[in-house]
């Protein structure tokens, strides 16, 4: 468990620090000439749409794990997912994201103050967000480990999720993610939390 | 360069205008607000992070007593919870920010006073946590074989002053007092298969001691009932799924619990349901088989308070613990344990008291509430002490996980920012910051450890760990750490 966690965390860090570009030469599909999207195959088949196709492939496969950078600039409209973050002061921040983006790392990319202390390993609740009703039900059910960590989050609500577990799909277009006002300075109703 | 415009220190030669410090960080104008943080655990680092992000001119110096940073993330989080330690990457980024400096091996309160820090900095934030213990307060507490969980955890996590704890693990039954996450960590480390611990950053002496351990049964004892248990579901699930172990609970402890679950908030409900299932439900065939093969036992004991640690008359060590039987008055979080008059003796050879950490006063000049063991404050502003703030467990008491401390620290940072913006904190006079403190320390023969010095220690530990397939092999003595730091 410790080893896989270490791999996951180092992988996260590496992908975060480097540009997300896959190295096709290490993939068995590429070597077997079975990858329909690889540059070599597209050159072989002479596909005119090669560039756009590669980008789509990059986005969905890498993005499923740690898409942080939004790796390419070519914007395929079918890939775009519009997201709105609502920060702790209530400010709405619209963001143009892509299918496969991870909500936590997307927030980081846009300077939104969503912490991810454990780096998406389901070992903390610092990326806790509220999901708007219209999109909440479109998310896949949380796994037990996510529910366990959500139980630790302050101001848990019915529509609470961990941002690091939300991966954008086309049907999540328009999703709104609100950062919980978890600190005393933001209790607008004068609520004083119970002392520990 | 434009920072000097409008600054009152133009009238006299600025001490410490642009230059490069020893660790290569740019020294901006001496007019920049300077903040000092005491303690480099999560509270210290999260406070620093928020301050640096909030204002582009603030310089933050973090002082730490040990040569190594990160506090309880390094010394408290269990070795088999490495993902929780990922937060170190965030803290490292903060430490390496050009406006942040780390000074390890500096004992605030001894090497330098709070007063001296307040003279050198515009604001001082106390984030030194809780290094003391709540004592059980019963006869026999001082017997060999009784340890605080804080020390036991410090021992297996390599805290230098717990190095020589040498707990006696030659008994069959261990009793843990307290049912929070720390208690469950201790139980889990005591009963984990050695093979799982071998690949963690648990210290080598602890690993060897646990490999020889005779402990086969761990009872986790609480004053109140199942509905008041302080641990969280992740840790409970780890016990339930711990290989080679089986649960042993008292069914009558759970009377009335299922019925009380209806109106209870989700976290408490899920936790209690898992406990009920583990304690009362007849296991499926596979689980029953697993339990039959298990050689190690763990269980909760509820409604029990310690009244005396019993000595073995022949060996001057512990023979057991006498517990008072309680009943509950009231329900929910506010339920109180009330004595019934009944008592029960539990034979055991090891008692680990996990009833809470406790903050200590660092300096007589700093207000301290000895009843609550915190620094009295409002929103992180220390009462009756201008320019003094606190964050983390020192501010709210020693409960909460990293996320709680994060929010708590952001709160304090926000109070500090408000005070800077509003003029409550006087920023008009330039302060010398680390320049004067470093000079003071040098005069006193104290040599701080920089963050890049820590990175040398970090590398040595990781290299040593590689040899045995561990993420790191921690250095256990301050002298060793300093030796590596000075290379």
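Placed from the backbone N, Cα and C atoms, the Cβ positions cover glycine too.
Please treat TrEMBL annotations as automatic predictions, because they have not gone through curation.
From a predicted model like this one, the values you see are computed outputs, not experimental measurements.
Feature annotations, courtesy of TrEMBL:
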DOMAIN    B:34-190  domain 'FAD/NAD(P)-binding'
BINDING   B:43, B:64, B:72, B:108, B:393, B:400, B:401, B:402  FAD binding site
BINDING   B:179, B:180, B:181, B:182, B:223, B:224, B:235, B:400  NADP(+) binding site
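Annotated features taken from TrEMBL, shown on the structure.
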residue : record               : contacts (Cβ under 8 Å, 6+ apart)
B:43    : FAD binding site     : B:71, B:127, B:129, B:391, B:392, B:393, B:394, B:395, B:405, B:408, B:409
B:64    : FAD binding site     : B:39, B:40, B:44, B:71, B:102, B:103, B:104, B:105, B:106
B:72    : FAD binding site     : B:41, B:42, B:129
B:108   : FAD binding site     : B:38, B:63, B:65, B:114, B:117, B:128, B:362, B:363
B:179   : NADP(+) binding site : B:220, B:221, B:222, B:229, B:230, B:231, B:300, B:354
B:180   : NADP(+) binding site : B:230, B:231, B:354, B:356, B:399
B:223   : NADP(+) binding site : B:303, B:304, B:305, B:326, B:337
B:235   : NADP(+) binding site : B:181, B:184, B:185, B:188
B:401   : FAD binding site     : B:181
Spatial separation of residue B:224 (NADP(+) binding site) from residue B:402 (FAD binding site) - C-alpha basis, Å: 26
Candidates B:181, B:182, B:224, B:400: member of the binding-site residues with the richest Cβ shell (10 Å): B:182
Members of the binding-site residues set B:179, B:393, B:401 whose C-beta sits under 8 angstroms from chain A: B:401
Other CB atoms, at most 10 A from the CB of residue B:393 (FAD binding site): 30
Between residue B:224 (NADP(+) binding site) and residue B:400 (FAD binding site), the C-alpha gap once rounded to whole angstrom: 20
Whole-number Å value for how far residue B:182 (NADP(+) binding site) lies from residue B:400 (FAD binding site) (Cα to Cα): 11
Collapsed DSSP category at residue B:108 (FAD binding site): strand
Residues B:179, B:180, B:181, B:182, B:223, B:224, B:235, B:400 [recorded NADP(+) binders]: greatest CA to CA distance in Å: 20
